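Residues or ranges marked as coiled coil by TrEMBL: 46-73. As annotated by TrEMBL, compositional bias 'Pro residues' applies to 87-97, 109-119. For 98-107, the entry in TrEMBL reads compositional bias 'Low complexity'. Annotation source TrEMBL lists region 'Disordered' at 85-119.
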Amino acid sequence: MYPPHNPTHPPVPRLRSVKIEQGKLNDQANTLAELAKTQNAMYDLMSELHAQHEDLEARLAALESRLDALGTSLQALPSLITQAIHPLPPPLPPQPGAPDQAAQSSPCRWPPVAPSDCG
């Protein structure tokens, strides 16, 4: 049954205070549920961030490798340009006793040094 009636605490105010406490407990339970959901969402975000970080590191390593290869190619470029611009030195004069190189080579030397080089 009901507790005996206490004249200092009428039943209606006690019921109100119990309802208020019950509401506070419900609010706290809801807050805990929301915190759990937030924690799960944060865990998912951290997992995704970690995966993206690993992907980014792999892509960065590939870019570094390509950049190193490009740097090596660029370092070789000046000598390649020099070889393309400057002609090869003229052939050496024939050695005594060696076969005639004029018969073996074309009559036109490039670049022409004298007008007689191309006939």
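The backbone N, Cα and C atoms fix where each Cβ goes, and this holds for glycine too.
According to DSSP, the compositional bias 'Pro residues' (87-97) comprises 0 helix, 0 strand, 11 coil. Note on the coiled coil (46-73): its mean pLDDT in the predicted model is 98.
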